[in-house]
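Report on the following structure.
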Amino acid sequence: LKCNKLVPLFYKTCPAGKNLCYKMYMVATPKVPVKRGCIDVCPKSSLVLKYVCCNTDRCN
């Protein structure tokens, strides 16, 4: 997950209200993202799922 301050055209900007980028993946397979996108609050990781969040509203 790249946290971007400057936005090239192909990076997406999160909508208002969901200004954190995040990536979710299984703890067993950290190289394979399950889901990525924008969220309002960074979820807590569990034993099965791990979340990585950016504090910027621009992500790839």
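Cβ coordinates come from backbone N, Cα and C, glycine included.
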- [ ] Consult Swiss-Prot and report which candidate among CYS38, CYS53 shares a disulfide bond with CYS42.
- [x] CYS53
- [ ] Determine, on the basis of Swiss-Prot, the cysteine among CYS3, CYS14 paired with CYS38 in a disulphide.
- [x] CYS14
Task: Neighbours of CYS14 (disulfide bond) among the disulfide-bonded residues CYS21, CYS42, CYS53, CYS54 (Cα to Cα, within 10 Å) - done: CYS21
- [ ] In whole Å, note down how far the CA of CYS21 (disulfide bond) lies from the CA of CYS42 (disulfide bond).
- [x] 8
Open item on the list: Just to verify a number: CA distance, CYS53 (disulfide bond) to CYS38 (disulfide bond), in angstrom, no decimals.
Closed with: 9
TODO: Translate the DSSP assignment of CYS14 (disulfide bond) into the three-state scheme.
DONE: coil
